[in-house]
Amino acid sequence: MIKQRTLKRIVQATGVGLHTGKKVTLTLRPAPANTGVIYRRTDLNPPVDFPADAKSVRDTMLCTCLVNEHDVRISTVEHLNAALAGLGIDNIIVEVDAPEIPIMDGSAAPFVYLLVDAGIDELNVAKKFVRIKETVRVEDGDKWAEFKPYNGFSLDFTIDFNHPAIDASNQRYCMNFSADAFMRQISRARTFGFMRDIEYLQSRGLCLGGSFDCAIVVDDYRVLNEDGLRFEDEFVRHKMLDAIGDLFMCGHNIIGAFTAYKSGHALNNKLLQAVLAKQEAWEYVTYEDEAELPLAFKAPSLVLA
């Protein structure tokens, strides 16, 4: 049986909030089977829980938030959510003593290290996957995203940025997903932004944690970070990282082929909601026999050692 995963032990890290610029303590806790992914704000009394749920997602200019029925929110969840998807973590409590998850270096890599450090524990309950049965597509102007049936998890993402720093040949990225491929090829890709946007936001008391330490920063001509890019195509790889996190907001790894053109958080979420709303387009599946599991979701070699 393919089993649900959680952490072996509690781990903690500190970082800076992208919005406030203040120190945030992040605590990742193991959780029992069928808990799902729960984000928790401990700065509120009593603490407020935000279960990962496609319908709770709000996309803002700076980040993805989860918002509850009382309009309380937790921000900047997308990169940690991508790390959870990458390692196939089904059950976890994510605690922060702030309104947001720390931005760390703007990628998912620090969260991957934290999860690997905690260790992955298998629970004696079958892991549920969402399997795509029919093609579902959403559009917004010339942007679109779609899922098709496929026995695995493949991603094909194209961006269209007319910018001297982004070579035309580096605007498409395709990948057959696996935990190892995610860690090596996607997790280190950082978020990016324009210097002028960051300066404007900071002049209004926003994005106070934004810096060269947590993003690729560009002006109209070039990348301003002294160390340059981690990959030639880091921009499109980061958009794929975002998509992996966005699509895991249903709390389950998805079996299907994802293709997107110029998509972002809002359209990725619209696709996920469109799939879930169409009952005949998907089904929950479990695997009694590991041999039947799509290669994409085999346990990562270094994690379950």
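Using the three backbone atoms N, Cα and C, a Cβ is placed for every residue, glycine included.
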Swiss-Prot Zn(2+) site partner of His238, Asp242, selected from His79, His163, His252: His79
Nonlocal residues around Asp242 (Zn(2+) binding site), in sequence order (Cβ under 8 Å, 6 or more apart): Glu78, His79, Ala82, Thr191, Gly264, His265, Asn268
Cβ atoms near His79 (Zn(2+) binding site) (within 10 Å, other residues, all chains): 30
Least Cβ-crowded entry, counting other Cβ within 10 Å, from the recorded positions listed as His238, His265: His265
Additional residues around Zn(2+), ordered along the sequence, whose Cβ is within 8 Å of the centroid of His79, His238, Asp242: Glu78, Ala82, Gly106, Ser107, Ala108, Ala189, Arg190, Thr191, Lys239, Met240, Leu241, Gly245
